[in-house]
Amino acid sequence: MPTRINIPPLTRGLLLLLICLSLLSAALRYRESASRSDGSPPSSILVPYLTVVPQLSWFYPWVFLIATLVEENIFTLLVTGTTLLYGGKYLERAWGSREFAKFLLVISLAPNLCACAIYIIWFAITGNINRSLTTICGGVSLQAAFLVAFKQLVPEHTVTIAKGLIKIRVKHFPALFVLLNTLSGIILGTDSALILAWSGFLASWTYLRFYRLSPSLSSTSTGEGLYLRGDASETFAFARFFPDAIQGPIATFSEAVFQALVALRICTPFSAEHIDAGNEQALARSEGGLPSLLGNSRTATRAGGKREEAERRRALALRALDQRLHAAAAAREQQANATPTAALPDQSPVMEPREDRNKGVEQEA
């Protein structure tokens, strides 16, 4: 019996919109290219009412939302389509259609607006007209944002490539994706992909870290305690997206930026209760199991079940040991800093002289 592909409604609509907008953009480019006598290739044709063109698209504000779903070639169309099919299906089921739609709104608008502003500033500084006529479109920001979301939901999930020759944990994918797009932008000149990758990464992390409301997985209360704003867990800190060797400098820099934003009253610092709740939330997500990112295959679930359970138990054991060590250290420090009690009077028995004892015995006799 063939496997039925069940796609949630919003993801299904996005896939359809991606195909339609990309085909429409290609048709318009080829038609315009064919009508020109100078032999301009289709890739050089601007479509400012479907894609973001910094000098022209301010007259078509809707493009800042839909340009993410416009691809210029078949390869990027397949990549973005695969990202939406598997990533969108996973996130829509994990968050619900409404929260997933909010997330898509943020990661579509913010990166496109940011990229447009960067190219306008670039043109103002250099005077290069090509910068103001650059086409900004595609799902690079969407791909970066999905990887950040997976880092939050299933950071320890292992993706196996080439029949087990390459194994990469999900938590390493965002930094790897940004690194590859950065190198591509510098070496190959794909600067728009570089800008979209970084802006998508930062926009999605900022939204998930500080703003998104998520149901509490560990709270049994009702009302405000039922939802948490943002994700204050230590595992979702900005520095944790990068290799261990450079986490220290990045943590110092990001903390300085955050404190500056707090001083300007743009951001609000996390309370100790918020951080504890975020850590409990992350632990509750890990205890809930790691569903497959690429489908619901029972075989894949059974094959990865033992490894995932072992990783979960090891993480819990390390956390419990760390808590015990911290508790013991705190107890010793508290005992050392305690105020010494007043010395009690000496209550040791006083030995009477031998003669006095003899007199006492005679008197009793």
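The backbone N, Cα and C atoms fix where each Cβ goes, and this holds for glycine too.
Residues or ranges marked as compositional bias 'Low complexity' in TrEMBL: 327-338. Marked as compositional bias 'Basic and acidic residues' by TrEMBL: 352-365. If you look up TrEMBL, you'll see 288-311, 327-365 marked as region 'Disordered'. The signal peptide annotation in TrEMBL covers 1-26. Taken from TrEMBL, the feature transmembrane segment covers 59-88, 100-125, 170-188.
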If we skip the immediate neighbours and take only residues 6+ beyond the ends of the compositional bias 'Low complexity' (327-338), which ones have a Cβ under 8 Å from one of its Cβ atoms?
none
At a C-beta cut-off of under 8 Å, are there same-chain residues at least 6 beyond the signal peptide (1-26) that contact it? List them, or none.
42, 47, 50-51, 66, 69-72, 77, 80-81, 84-85, 88-89, 92-93, 97, 100-101, 104, 137, 139
